[in-house]
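Record features, source TrEMBL:
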REPEAT    159-193  repeat 'PPR'
REPEAT    194-224  repeat 'PPR'
REPEAT    228-262  repeat 'PPR'
REPEAT    263-297  repeat 'PPR'
REPEAT    298-332  repeat 'PPR'
REPEAT    333-367  repeat 'PPR'
REPEAT    402-436  repeat 'PPR'
REPEAT    437-471  repeat 'PPR'
Amino acid sequence: MSNYETQHPKTDSLLNTNILGNLLFWIQTMIRKGCCLTKSCFKSLALARFYSSNKTVIGPSDPTKKICKLMMSCPKLGLAAVLDQSGVRISQDVVEKVLARFENAGMLAHQFFEWAGKQRDYEHSVRAYHTIIESMAKIRQYQIMWDLVNIMGSKGMLNIETFCIIMRRYARCQKVEEAVYAFNVMEKYKIQPNLAAFNGLLSALCKSKNVRKAQEIFDNMKERFDPDSKTYSILLDGWGRDPNLPKAREIYREMVKVGCEPDIVTYGIMVDILCKGGRVDEAIKIVKEMDSNGRRPTSFIYSVLIHTYGIENRIEDAIDTFFQMEKNGLIPDVAVYNAFIGAFCKVNKLKNVYRVLDEMEYKGVIPNSRTFNIILSNLIEREETDEAYKVFRRMIKICNPDSDTYTLMIKMFCDRDELEGAQKVWRYMKKKQFLPSMHTFCALIDGFCDKADAERACVLMEEMIEKGIRPSRMTFKKLRQLLIKEQREDVLKFLQQKLDLLVKEPLCD
């Protein structure tokens, strides 16, 4: 902006408005006189409209969309400066939505969070803190994560969920001792651990396949807390994931013995465990037991049975179970239909898959990204890539693709040596303002590396790092080998320096 614009913004705006008004008046006069207007007249009008427009009108009027668009452009001069210049106003709702949209954007999300916290008349909500804490934990920026916890503590904003998020993220990275530390340190922050926190720790460990540690903690602490049906259900699920059916049965018996009556969730977990263990007939007995006890099986239980029959190529049993569910008065939801579609995919009954899709739309059950990912995965595995692209085109008319969808499609085209198709999907993804995940970035970078297109691979790698997303170890290694082969150690050094600034932790696998 010039000094004149800074000192006389209103005068400048009026001047531009007068220019437009005078030009319009002149054109109308010319038309009334019957004069023929040249292209230059319309060009002048277009220019006048451009200069008379207020800069704040350009771009999305919704502040959330406007911020997302600015962040997607990945400004190299610094996000804070660009956001300051945009004049966008924020609220807690806007910040929460932006952070949720960029939860996988790592340091880019943190830059926005820091900028938002400095705005006048604004204070971060607990939800905003929780989202950014999870984002930092995802990229293993644990020091920043704990700094945020300390800030929340100084403002009296900490709660049980804060520490449950940290426990989950540590456990997912197999940092078991750190997850336990997060539980034990709660009292230091004046948060008294309760049964919800205890269940949160056990759940984090069980879902990360550390059920033995969870069981050890349960045995040592069950006197301190009073376990409920949820506690036992968490352990049941953990032993099911292990898988260890005898231990799961032991937990179930203990649950009943201490007077914790199994609820509908517990029954669902037991059915799931038995099905995964190949004991479908025993799972059916539990379903019948539920019926006799007046507990109607849920759609989740039916989806598990249908999915299992599909895996075992028992398509007729899957169909019978689906109709039995409808007969019992349960309306199939999208999870049940997904299991049904998966069963048909397993036996290569593509026509039946499309019939189920049509039935879903007829009955008002909207297919989700998972629905189409099941179909796409099956088609790609069978190398029916043209059909897969048709399904993708159908999908985008019904629901939004997710990260898995874009990764599947880009990898499919790269494997077929059709990089133009992969780039077409990438451009569509960018048009939808969808932030690529690490896997999506790596799929296209791998494709460029396989074609020895180091320039495009490097551009993507730089964009990825600038968005705060770490590449996989294998992808960075592949690009490194290509750059060394082409004697571009200078570029490699540049990328390595940018990566070192991003994170101190080693690359993900």
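Each Cβ is built from the backbone N, Cα and C atoms, and glycine gets one as well.
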Other parts of the chain folded back onto the repeat 'PPR' (228-262), taken as Cβ under 8 Å at six or more residues beyond its ends
195, 198-199, 202-203, 205-207, 209, 211, 214-215, 218, 269-270, 272-274, 276-277, 279
Can you tell me which parts of the same chain pack against the repeat 'PPR' (437-471), counting only residues 6+ beyond its ends and a CB-CB cutoff under 8 A?
74, 76, 104-110, 139, 403, 406-407, 410-411, 413-414, 417, 419, 422-423, 426, 429, 478-479, 482-483, 486, 488, 491, 495, 498-499, 502-503, 505, 507-508
Roughly where does the repeat 'PPR' (437-471) sit in mean pLDDT, to the nearest integer?
93
With DSSP, how much of the repeat 'PPR' (437-471) is helix, how much strand and how much coil, in residues?
26 helix, 0 strand, 9 coil
Using DSSP, what's the helix, strand and coil tally for the repeat 'PPR' (333-367)?
26 helix, 0 strand, 9 coil
